[in-house]
Amino acid sequence: MYWQLVRILVLFDCLQKILAIEHDSICIADVDDACPEPSHTVMRLRERNDKKAHLIAKQHGLEIRGQPFLDGKSYFVTHISKQRSRRRKREIISRLQEHPDILSIEEQRPRVRRKRDFLYPDIAHELAGSSTNIRHTGLISNTEPRIDFIQHDAPVLPFPDPLYKEQWYLNNGAQGGFDMNVQAAWLLGYAGRNISVSILDDGIQRDHPDLAANYDPLASTDINGHDDDPTPQDDGDNKHGTRCAGEVASIAGNVYCGVGVAFHAKIGGVRMLDGPVSDSVEAASLSLNRHHIDIYSASWGPEDDGRTFDGPGPLAREAFYRGVKAGRGGKGSIFVWASGNGGSRQDSCSADGYTTSVYTLSVSSATIDNRSPWYLEECPSTIATTYSSANMNQPAIITVDVPHGCTRSHTGTSASAPLAAGIIALALEANPNLTWRDMQHIVLRTANPVPLLNNPGWSVNGVGRRINNKFGYGLMDAGALVKLALIWKTVPEQHICTYDYKLEKPNPRPITGNFQMNFSLEVNGCESGTPVLYLEHVQVLATFRFGKRGDLKLTLFSPRGTSSVLLPPRPQDFNSNGIHKWPFLSVQTWGEDPRGKWTLMVESVSTNRNVGGTFHDWSLLLYGTAEPAQPNDPRHSSVVPSSVSAESPFDRITQHIASQEKKKKQRDSRDWQPKKVENKKSLLVSAQPELRV
């Protein structure tokens, strides 16, 4: 009997290990870490019925802990008993999947999400021991580095708030006397009245003296704690959301801290980063009270480590879509996103599915000397830029701090997104009828490239606008934005054309070592459906595998000659799984005529001849309108431009490369002992695409 019991226990232990291995294999993704326990379970009924949902949950030892969406069909559920085994939990979930009233039930695992601020590298070790117990002397944190601020002439609007004069980004304080022209919007009478902004983060201190009068409970909730109070835990680490909120809506004239960009706006916060973050947590945050909240500001995202591809899950993607379709009474929620802080690791925001979403307005950073900070990431989905800082010797962003204080050292792209949200609030007050697409149009049209032109990487797109992979269309200009908002007409309906590239045999195509391949599509503007003649967003969905994913570079060439580096090389990305239909996004061809030849250049910077993989497919998604965005905009010709059917800019680039290779071979042939030249293999592939409208 004793040995039988021992054998049973050993068998049970082995079975548990097998189940654990199977469990880990289910969630192998883009990282090598072990699979964590599910953090949330979402149950979705076929029809809305709260009473039935609670009854089903109770019958299975579960309880309802809120809803991720406003549709009433979806519910967070948790196991009442904390002692249930993993196997028992699986049995319950499996049984519920067969329930006739349940459409789906899904266990969700936590996702890695990082706030996009940082400690200055040269002082991080000094603050490590005290960062969890920050106290304030007067208004300013005594743990912050000493910064000598440049003093400027008194601002036009003499607010008595003690740190206002030090808010250089509002007071012509950047090099050359530049700022974001916010005072011009204020002088027109706009400060964000009747606009509600919600900060999706680690919570906000709603009773802060510089926020309390503007606090909006309808734009706030605590998803981590399952209640309505977004107050963060007082552990020293959860100040990020409060700081972001202060940038938007710090009260003006109360002789405390500084002044928010939209100091009359209503400000709320969602506590969602102070705990496990799953797809459903993100969806619930992005869906909160969408008919009341105008702007959602997020300064977080996946790891900025130079080796991760990650983005919103299916529920969060659904939340984005529902937001732009139904939010703000059908005008669309406005989602503002920080572009990322992985520049020092040569990361690209193209690998971040939040900044590459069509539905987000991605914002970058510039320093007081109008340069790119060391942490800045590059990608063609960035629309515009606001100010931040780069190191401890430069002034950073002034805002409120926890507990009940102020700070001079808010930084990173975390600081840039809330400034953009505040500026957008000014424009929405000027014209509340602006749709989410209207806002993207006027932000890129009024962005000012001039302060940032001394940086490398600027080019001109096919409609004459300056573009940059670091800064988008330039520095946001609040005054210009408000003035354009006042006269802006709602843009025509957006249409989408999809072109699928049909890869000829061999399919998939082998790729090895150091190579270059060019895949071209002829686009006719969707003649068989509603045409897209004036571009907005352009997406490329690509699938490939390669021995070292970070060695690949993807560049898209438009018919008008605009080149967008969709994916630069990322030296730290050693992943060999590749990507599957990843949605790369470019906003750099905005306004162009899409008709003509589009070319996707896929190349490798690998120095290893033996590394290889396969290229499977790619699709081109064109978002835009059949008519000009505004009545007075120039119209494209009804005939495909002759420059498209003739030699395109991409053809000239290809010919130049071939010419240089030919000259190099001729030089080598004249040598007594010719050197071995390893030229890139170039394969130009053209095919008629399959068109889906």
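Glycine is treated like the rest: Cβ placed from N, Cα and C.
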Choosing among Cys244, Cys257, Cys497, Cys526, which residue does Swiss-Prot name as bonded to Cys406 by a disulfide?
Cys257
Swiss-Prot has Asp210, Ile251, Asn254, Tyr256, Gly258 down as binding Ca(2+) 1; which of Asp161, Asp305, Asp310 does it also list for that site?
Asp161
Swiss-Prot annotation, disulfide partner of Cys497 among Cys379, Cys526:
Cys526
Record-annotated Ca(2+) 3 site (Swiss-Prot): member among Asp294, Asp304, Asp438 besides Asp347, Glu377:
Asp304
Using the alpha carbons only, what distance in Å do you get between Asp201 (active site, charge relay system) and Asn254 (Ca(2+) 1 binding site) once rounded?
26
List, in sequence order, those recorded positions among Asp227, His240, Ile251, Asn254 whose Cα sits within 10 Å of the Cα of Ser414 (active site, charge relay system).
His240
Cβ-based neighbourhood (8 Å from the centroid) of the Ca(2+) 2 site, residues Asp222, Asp227, Asp229 excluded:
Thr221, Gly225, His226, Asp228, Pro230, Thr231, Arg271
Starting from the Cβ centroid of Asp161, Asp210, Ile251, Asn254, Tyr256, Gly258, which together make up the recorded Ca(2+) 1 site, report each further residue of the same chain whose Cβ lies within 8 Å of that point, ordered by sequence.
Pro209, Ser250, Ala252, Gly253, Val255, Cys257, Val259, Val400
Residue pair Tyr256 (Ca(2+) 1 binding site), Asp227 (Ca(2+) 2 binding site) - Cα distance, angstrom, rounded:
30
Length of the line joining the Cα atoms of His240 (active site, charge relay system) and Asp222 (Ca(2+) 2 binding site), in Å:
15
